[in-house]
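Written out below as structure tokens is the structure these notes cover.
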């Protein structure tokens, strides 16, 4: 941790170590330095000069490779338009550092830690380098406790661990960002501590929507910014790959400060971790590395590990991380989601089949997993209910081929009952979201874990066999389902 702003470092003695650009390939630059003056890997370089139109250029780069012959290869964190061979490059002598602490709350930053919300500069009294080692094994905390989200399907079938890493896996358009925004709404508001949101390579519109949503809900307090509870770090789709590759580390560095120095419990939301891998792949190819499986970078597992291992709980505080993971072509065996799976304590898998049925959130309870779903952690009642729900849904899945060919009438009495209950369970797993109120017209519902377990127990036991399955669709707790059934009966 250093208390000097980065600008001060650049303007003093280190400026003597200057080089010049020898080659530009898209976002990648080759820079020559004097013999014996090569910068270290991950050092931050600054290109200063003027483009042909006479405009000032100030581009920050990060050293990726040492090429020999006193040359290094660096990746730019902003557009390389206007850069020319021969331009002066200054070695800052340190990795990229970003502002940390309370000054970041309520503000939006880019990958360099510069505010981009037009609210003026940040007083960066304390900055921290984005490249660090993971906490030592002896510092890690091993307490196990559940993080209640208020979303039925998540809390029941794949509960989240406090201080754990959670992956939201899904293809294009199945609802990952809506789910992550609902989790921010339910958890960040109720959560006393601070949150950090890293927008990695996603749509600018979604970043804007999230910012407006947070201002409305007072998670960002515009009247008194210092009372805000969240810091936002954006490196959106239109940014060069260098920025998208490092913006996750910028967000993580801000979260680590709250954990290690302020000793707080922090929430870290990342949307989307796949874009971090994708940007790494672009940089790797531009740097001339041989691609690995499916065209990904050969260092995929190392890059993912160096990010994920820093997201952990220590004896000082915790970081609970919720990460959206895009699944290319709905293929969970693709190297990017498959590598992310290995780091997750809980996986929430979104299904296109459920989304097509109109069941939102489209979370598949059979594919979703959690290390927390053990009877000695969640209790016998929760465990038995979750297993009962999964068994019923699995049996329904097995019977679907028979139903498609022969029809429901050919099933045994017991199987017909299983199908009826499974269809009720499937619909009861849907839930109206607060963040989707403007689209659906239905008010959002937060359902406590106790109410969730009670509702599914009643369906499994057969108490609600007489109610129509439509009564269970898009409701909160089980009392709302029975009330909806009564309304449907009156209408019919």
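In case you wondered, yes, glycine gets a Cβ from its N, Cα and C as well.
As recorded in Swiss-Prot, the features of this protein are as follows:
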- 170, 171, 172, 173, 174, 175, 176, 177: ATP binding site (BINDING)
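Where Swiss-Prot records a feature, it is marked here on the structure.
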| residue | record | contacts (Cβ under 8 Å, 6+ apart) |
| --- | --- | --- |
| 170 | ATP binding site | 176, 324, 325, 326, 327, 349, 350, 351, 362 |
| 171 | ATP binding site | 326, 327, 328, 329, 330, 350, 352 |
| 172 | ATP binding site | 326 |
| 173 | ATP binding site | 355 |
| 174 | ATP binding site | 350, 351, 352, 355, 362 |
| 175 | ATP binding site | 350, 355, 360, 361, 362 |
| 177 | ATP binding site | 202, 206, 271, 324 |
Additional residues around ATP, ordered along the sequence, whose Cβ is within 8 Å of the centroid of 170, 171, 172, 173, 174, 175, 176, 177: 326, 350, 355, 362
Cβ-Cβ neighbours of residue 176 (ATP binding site) (radius 10 Å): 26
Collapsed DSSP category at residue 170 (ATP binding site): strand
